[in-house]
Amino acid sequence: MIILASHSPRRQELLKRIVPDFESHPASINERALPVLDPPAYVQSLATAKGQSLVPSYPGATIIAADTMVAFQGKLLGKPHDRAEAKQMITALGGQTHQVYTGLWVRLDNGSVRQQVVTTDVTFWPLSEADVESYLAEDAYQDKAGAYGIQDAGALLVKSIHGDFYNVMGLPISTLYRMLLAEPQ
């Protein structure tokens, strides 16, 4: 049995590309209780907490947990609370390069645990006020770290990426695939 510690439709869609049969169960953790560390350490601690929270309920299962955040100039950009916060985020990212970090935590059915942080650099085009307003009118910023999804209207903001495209969507499937298949270390 394979468990994805998420109800994210994007993560489910991506995981189906490498694991056709799995169950999705959200992790119940208090993210605010975890100390905010540097971005890579923080996403790894969130992924670890999510995965570990499901171990008691699924002791013999392979559990996959992930957490993705956007960071700009060392500051974490989570999911915007409202349109105004989304506007601030998108405006700040215009013409700049930021990082997308995903912490992966995998507990195999044999009990071994693997962890990794994947980083992707994303550069936005310079954005006018009209560009930002046009993007926000699509409501595509909702429920997205950094207020954009590269798989939808957010793609029009992106000038280039350096790294794993699927990491920006929330699940770096190439890395995850290798974590699932690798020999125990």
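Any Cβ shown, glycine's included, is placed from N, Cα and C.
Listed in Swiss-Prot for this protein:
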SITE      Arg10  site 'Important for substrate specificity'
ACT_SITE  Asp67  active site, proton acceptor
SITE      Thr68  site 'Important for substrate specificity'
SITE      Gln151  site 'Important for substrate specificity'
When distances run from the Cα of Gln151 (site 'Important for substrate specificity') to each of the recorded positions Arg10, Asp67, Thr68, the nearest one: Arg10
Only counting partners 6 or more residues apart, tell me which same-chain residues put their Cβ under 8 Å from the Cβ of Arg10 (site 'Important for substrate specificity'). Gly149, Gln151, Met169, Gly170, Leu171
Simplified DSSP label at Thr68 (site 'Important for substrate specificity') comes out strand
With an 8 Å cut-off on Cβ-Cβ distance and a minimum sequence separation of at least 6, pull the same-chain contacts of Asp67 (active site, proton acceptor), or say none. Val43, Gln44, Leu46, Ala47, Lys50, Thr102, Gly103
Spatial neighbours of Thr68 (site 'Important for substrate specificity') that are distant in sequence (at least 6 apart) but have CB under 8 A: Val43, Val100, Tyr101, Thr102, Gly103, Ala145, Asn167, Gly170, Leu171
